[in-house]
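Undergrad: Pasting the feature list from Swiss-Prot:
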{"type": "TOPO_DOM", "residues": "1-23", "note": "topological domain 'Cytoplasmic'"}
{"type": "BINDING", "residues": "HIS22, HIS40", "note": "bacteriochlorophyll binding site"}
{"type": "TRANSMEM", "residues": "24-46", "note": "transmembrane segment"}
{"type": "TOPO_DOM", "residues": "47-51", "note": "topological domain 'Periplasmic'"}
Amino acid sequence: MVDDPNKVWPTGLTIAESEELHKHVIDGSRIFVAIAIVAHFLAYVYSPWLH
């Protein structure tokens, strides 16, 4: 892995592979946050003790 200049230490991924993986992680995080916001809003609306 050290001999290959296209691979990035310590993952062994190329720059393009790491950018693609990063894009998927960020997209997944955005989806998770959107679901969490909806869930918190619904919990607030339907929980009488929060009002």
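Placement of Cβ uses the backbone N, Cα and C atoms for every residue, glycine included.
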Undergrad: Return the residues near HIS22 (bacteriochlorophyll binding site), defined as same-chain residues 6+ apart in sequence whose C-beta is under 8 angstroms from its C-beta, sorted by sequence, else 'none'.
TA: none
Undergrad: Using all protein chains in view, find how many other C-beta atoms are within 10 Å of the C-beta of HIS40 (bacteriochlorophyll binding site).
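TA: Its Cβ has 10 other Cβ atoms within 10 Å.
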Undergrad: Report the DSSP secondary-structure composition of the topological domain 'Cytoplasmic' (1-23) as helix, strand and coil residue counts.
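TA: Per-class counts: 9 helix, 4 strand, 10 coil.
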